[in-house]
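**Student:** As listed in TrEMBL for this protein:
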type	residues	note
TRANSMEM	33-51	transmembrane segment
TRANSMEM	63-84	transmembrane segment
TRANSMEM	91-110	transmembrane segment
TRANSMEM	116-132	transmembrane segment
TRANSMEM	139-158	transmembrane segment
TRANSMEM	170-192	transmembrane segment
DOMAIN	229-363	domain 'GGDEF'
Amino acid sequence: MNPIREVVERWLAMPDQFDRFTRLLRGNGFLKTARILIGLMVFSMGVTVVGKRLGTASDQVSSIPLDLMIGVLALIGGLAYPVFTTTRNRSLQFVIASDVSIAIIVLTEADLDQRLLGSLVFGLMGTYIAFFHNMRAHLVHLLFSITIVVAACCGVFTEEPTTFFDTFGRILFAVSVISVVPFLTQIALILLSNDAQGSELDPLTDLLNRRGLARRTAELIRSKSGIGQSLLVVVIDIDNFKQFNDTFGHDVGDRVIIRTANRLTAWARADAAIARVGGDEFIVVQIMPLSDVGDLISRIHPAMNTPIVEPRSTTSIGIAIHNGSWLDSDAEEAGIDALHRLADSAMYESKRLGGNHVHTIVMTSP
């Protein structure tokens, strides 16, 4: 496949980044700061519009009410943005409202230089989209922005044809700022995201590593914990793995590890955190309704032993289950560590029984 086409298709297939980037900001303590800065940006735009239009000569009053309304709404929106919770849909509504407002201000401006200056604000919205949304939203925004810039400036070519090249150059500069800066931002974010994801993945199995497991577990607890939910920590260790390496070689050992990873992935729920945390050790963390736990546990032993493939491998499995109020408290990290230790002990009990066993420990808070 053409490399450029491959990049474009990957960009277009990117999921919306709002929830992910919001979690990243929240997890690093920057969400409130980011919301304040975005609100300040919107508020400053409102101040600029209101201040400019209030100073407009009275003989140009026809467009003032609409501009003033937009400016006042920007002032209110800037003050409200840090206060109210923003969802993905609200964020997209914010983008649409901002684009329409910028378009109205640009199209009603009499001076060409002021139109071009105002159109540069589209670049700020493009950068916002690059952080919080995806390429499809970005392309729609870009097409709309360029259309507005061309519509706002095309009359100059017929009214003052002698200034064609000067005007064309300024339009080209505005379009470049509107498009290039957000695109470069998105490219940088994709590269950083790929590096971050790579640092959280096990290179052999593409499962999470310890770092990725910690992050994903925290996400699971924040999003799914609550009344009627059970937290499972499962520790899996391949029986006699050293013997595989000594007898068949490391290539076969790697295939056994990959096979075990695939079986775990097929067994676990789609939203589970699955990690390889040692040479032959895996951990699965998942949260689910209490009523589903029994069925899931009953399926793990058959899942880890089928299909039968030579050289045959077995696993020792320890499961710790918790139904407790700590899932909704600030003690989640300590609770996870305690549950992990219990699951680890259960796994060693399976080893003591000769391997190829499942041992389960259930904890219930009063």
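Every residue, even glycine, has its Cβ placed from backbone N, Cα and C.
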**Student:** Return the stretch with the most CB pairs under 8 A relative to the transmembrane segment (116-132), choosing among 33-51, 63-84, 170-192.
**Tutor:** 170-192
**Student:** Within the domain 'GGDEF' (229-363), what mean pLDDT does the predicted structure show?
**Tutor:** 86
**Student:** What else in the chain is close to the transmembrane segment (33-51), if you only count residues 6 or more beyond its ends and a Cβ gap under 8 Å?
**Tutor:** 25, 67-68, 70-82, 86, 98, 105, 121, 124, 128
